[in-house]
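Feature annotations, reproduced from Swiss-Prot:
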DOMAIN    1-119  domain 'Peptidase M12B'
BINDING   D11, C114, N117  Ca(2+) 1 binding site
BINDING   H59, H63, H69  Zn(2+) binding site
ACT_SITE  E60  active site
DISULFID  C76-C81  disulfide bond
CARBOHYD  N97  N-linked glycosylation site
DOMAIN    127-213  domain 'Disintegrin'
BINDING   V129, N132, L134, E136, E139, D142  Ca(2+) 2 binding site
DISULFID  C141-C154  disulfide bond
DISULFID  C143-C149  disulfide bond
DISULFID  C153-C176  disulfide bond
DISULFID  C167-C173  disulfide bond
DISULFID  C172-C198  disulfide bond
DISULFID  C185-C205  disulfide bond
DISULFID  C192-C224  disulfide bond
DISULFID  C217-C229  disulfide bond
DISULFID  C236-C286  disulfide bond
DISULFID  C251-C295  disulfide bond
DISULFID  C281-C315  disulfide bond
CARBOHYD  N296  N-linked glycosylation site
CARBOHYD  N305  N-linked glycosylation site
Amino acid sequence: DTVLLNRISHDNAQLLAIVFNENVIGKAYTGGMCDPRYSVGVVMDHSPINRLVADTMAHEMGHNLGIHHDTGSCSCGGHSCIMSRVISHQPLQYFSNCSYIEYWDFITKLNPQCILNEPLRTDIVSPPVCGNELLEMGEECDCGSPRNCRDLCCDAATCKLHSWVECESGECCDQCRFIKAGNVCRPPRKECDVAEACTGQSAQCPTDDFKRNGQPCLNNYAYCYQGNCPIMYHQCYALFGSDATMAQDSCFQVNKKGNEYFYCRLENGINIPCAQEDVKCGRLFCHNMKYEQDCNYSDRGMVDNGTKCAEGKVCNSNRQAYQR
């Protein structure tokens, strides 16, 4: 790792050898991918048929990706599988169902960053070859051979985009052209959200936007804030479950104490008591409808910013009521 990594940036190294001391044709660290010490395999150049040596290399790289040898219950569609314990003289084409499961376990549990990012084109040292489905220097696209290409935007013969192409992908791109202006690309997800529409000049949907803060929502029961419609009932539900609702107004009066539990905000380590008009912007109080318990509160439960605290007023980030 001290020599090869300094020569060229790489995620994994597969080393070809002529002679092995043991009766094997390949070795690799299982689950070593992306580890600078263990992301490596050693493969014996055991056959004049390149495809068979490549199969062995794929097998060892499979080990690096956290995949073990197949067992009797594994299958890849009736063919000899790449991670089989037994060497086949027939070309191996597929990983088994067991291999796929182990691979995804490796990806999701260990989150190996080196194979989750797209390599720079400049990191590819082999000469660019149009038609190998690998986007390399000098290419705008590479969809494989002209016979196999399924990319409408790409000229498979030149690995360049067709002259008429406006876009390749995106919410506002369809068959390599911008979708007409006005077509909705992101519908509103909730009441305080707004729909976004394509501009006709870009493949990307415009930035997600929402209704202006202070606009009424929930039949004037609350006001929009940062795309949400915050109300104390929903906050009580999140803290105490379906039997909880907002407590009566008298419960909030203790927020004027300014002690460890009941206050509006913290300034220089001091709990500042709520002014009378701000009491519903401090500690949140809930009522348990099942057990008729009033004034329930949680150490995590301060009234959310933007919550309606009086007619025409909401709580701001300073835990103060202000005119919407």
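Glycine is treated like the rest: Cβ placed from N, Cα and C.
Locations of recorded Swiss-Prot features on the structure.
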residue: C81; record: disulfide bond; DSSP class: strand
residue: N97; record: N-linked glycosylation site; DSSP class: helix
residue: N117; record: Ca(2+) 1 binding site; DSSP class: coil
residue: N132; record: Ca(2+) 2 binding site; DSSP class: coil
residue: C153; record: disulfide bond; DSSP class: coil
residue: C172; record: disulfide bond; DSSP class: coil
residue: C251; record: disulfide bond; DSSP class: helix
residue: C286; record: disulfide bond; DSSP class: strand
Could you round the CA separation between C153 (disulfide bond) and E139 (Ca(2+) 2 binding site) to a whole angstrom and send it over? 13
Cβ contacts within 10 Å for C236 (disulfide bond), all chains included, total 25
Cα within 10 Å of C149 (disulfide bond) is the criterion; apply it to the recorded positions H63, V129, D142, C176, C295, C315 and give the hits in sequence order. D142
Return the residue, from the listed recorded positions D11, E60, E139, with the maximum count of other C-beta atoms within 10 angstroms of its C-beta. E60
For C224 (disulfide bond), the nonlocal same-chain Cβ neighbours (under 8 Å, six or more residues apart) come out as E191, C192, F210, K211, R212, N213, G214, Q215, P216, C217, G306
N97 (N-linked glycosylation site) versus recorded positions C114, C141, D142, N296 - nearest by Cα: C114
Recorded positions: C114, C192, C217, C229 - member with fewest neighbouring CB atoms within 10 Å: C114
Among all protein chains shown, how many Cβ atoms are found within 10 Å of the Cβ of C198 (disulfide bond), not counting that one? 24
